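*Asks:* If you look up TrEMBL, you'll see K149 marked as active site, proton donor. TrEMBL lists G10, P11, R12, G13, R14, M15, G89, T90, T91, A115, P116, N117, F118 with the feature NAD(+) binding site. Taken from TrEMBL, the feature NADP(+) binding site covers K38. Marked as (S)-2,3,4,5-tetrahydrodipicolinate binding site by TrEMBL: H146, G155, T156. Annotated domain 'Dihydrodipicolinate reductase N-terminal' per TrEMBL: 4-118, in sequence order. Taken from TrEMBL, the feature domain 'Dihydrodipicolinate reductase C-terminal' applies to 121-255.
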Amino acid sequence: MEQINVVIAGPRGRMGKEAVELVQDTPQFALMSVIDHKGEANVDVPVFKDIKECFESSIPHVLIDLTTPEVGYHHTKTALEYGVRPVVGTTGFTQEELIELRQLAESKGLGCIIAPNFAIGAVLMMKFSQMAAKYFEDIEIIELHHDQKLDAPSGTAVKTAEMIKEVREAKVQGHPDETETLKGARGADIDGMHIHSVRLPGLIAHQQVMFGAEGQTLTIRHDSYNRASFMSGVKVSVETVMKLDTLVYGLENILE
Ligand code: NAP
């Protein structure tokens with residue numbers, strides 16, 4: 001395999017630090033530079049404050065973005081405009097943004113992977129939930145994350161609900177006359193499924209999907225206990241994005 005030159009945006013962040021280590025430790029990857037808006041990253045490659053400045057200096061094959069939703073969108077779009085293939089772990093993209101980015105990737109004939117969860121176990125949790133939803137139509141999704149997370153619900157929770165929507169008819173759950181005496185008590189609602197977001201220090205990234213039916217419940221749960229759990233997914237995404245000519249949303253769509 002030819003060497004893949006990589007730029008990482010967000011290298012000081014919790015995910016970014018792991019990604020820097022991954023790229024530096026993988027023989028077929030080369031870290032060309034990083035993008036850090038404060039220019040403070042402690043790495044032995046050039047640090048750029050701005051993505052255009054970075055790409056004007058040299059063009060990598062792949063951009064790994066692990067920043068914030070607004071910045072991640074801007075970085076992904078800019079990368080595609082410069083002919084760079086984005087691998088995006090940043091969460092919080094809107095449907096409109098995803099549609100626009102897919103059109104841009106296809107018009108440029110470039111691969112782009114946006115994965116709200118790079119943990120293989122989380123992808124299996126989503127797939128198993130989709131399987132179970134064929135048989136259990138009443139579903140509550142509880143996602144639990146560290147208290148520094150900016151977006152809620154998590155990208156993984158929304159993605160899980162979207163995958164379940166493919167196999168489940170929309171259904172209003174609970175009592176038809178149910179009212180919230182405290183706003184938000186029933187969580188967010190996608191097609192009648194409820195999503196609850198827990199934020200606590202000490203947590204990393206966890207999700208359980210609960211299914212209920214007459215006389216039984218089924219719970220499918222995944223726990224990421226550290227951020228290294230996401231890196232095997234980042235590695236396979238960097239390799240795969242080189243072979244794609246469109247945008248793929250979700251790691252489950254590239255795993256064999
Ligand atoms: P984090 O520790 O807060 O790191 C975010 C990094 O982005 C920080 O270094 C931050 O710098 C930087 N940043 C902020 N604004 C920027 C800008 N304008 N230009 C360049 N960099 C900027 O967050 P994290 O836990 O690493 O998570 C990063 C993203 O990945 C989040 O969207 C999170 O939800 C997502 N995530 C995805 C997965 C997955 O598997 N896909 C797993 C975990 C997390 P400052 O410190 O100066 O603000």
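Placement of Cβ uses the backbone N, Cα and C atoms for every residue, glycine included.
If you look at the structure here, what lies around each of the features I listed?
*Replies:* Within the same chain, the residues at least 6 positions away from K149 (active site, proton donor) whose Cβ sits under 8 Å from its Cβ are R199, listed in sequence order. In the three-state DSSP assignment, the secondary structure recorded for K149 (active site, proton donor) is coil.
Neighbour list (T91 (NAD(+) binding site), Cβ cut-off 8 Å, at least 6 residues apart, same chain): P69, P116, D151, S154, G155, T156.
Mapped onto three states, the DSSP output places K38 (NADP(+) binding site) in coil. Every protein chain shown contributes to the tally, and the Cβ of K38 (NADP(+) binding site) ends up with 8 other Cβ atoms within 10 Å.
Every protein chain shown contributes to the tally, and the Cβ of G155 ((S)-2,3,4,5-tetrahydrodipicolinate binding site) ends up with 21 other Cβ atoms within 10 Å.
With helix defined as DSSP H, G or I and strand as E or B, the domain 'Dihydrodipicolinate reductase N-terminal' (4-118) counts 46 helix, 26 strand, 43 coil.
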*Asks:* Provide, as an integer number of angstrom, the distance between the C-alpha atoms of G10 (NAD(+) binding site) and H146 ((S)-2,3,4,5-tetrahydrodipicolinate binding site).
*Replies:* 18
*Asks:* Let me know the most crowded of the binding-site residues, choosing from H146, T156 and counting other Cβ atoms within 10 Å.
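*Replies:* When each Cβ's neighbours within 10 Å are tallied, T156 leads.
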*Asks:* If I take every residue in the domain 'Dihydrodipicolinate reductase N-terminal' (4-118) and average their pLDDT values, what number comes out?
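*Replies:* When the pLDDT values over the domain 'Dihydrodipicolinate reductase N-terminal' (4-118) are averaged, the result is 97.
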*Asks:* According to DSSP, folded down to helix, strand and coil, what is G155 ((S)-2,3,4,5-tetrahydrodipicolinate binding site)?
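*Replies:* DSSP assigns G155 ((S)-2,3,4,5-tetrahydrodipicolinate binding site) to helix.
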*Asks:* With the Cβ under 6 Å from ligand 1 as the test, give me the qualifying entries from the binding-site residues R12, K38, H146, G155, T156.
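*Replies:* List returned for ligand 1: R12, K38.
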*Asks:* What's the CA-CA gap between H146 ((S)-2,3,4,5-tetrahydrodipicolinate binding site) and R14 (NAD(+) binding site) in angstrom, rounded?
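*Replies:* Per the Cα atoms, H146 ((S)-2,3,4,5-tetrahydrodipicolinate binding site) and R14 (NAD(+) binding site) stand 12 Å apart.
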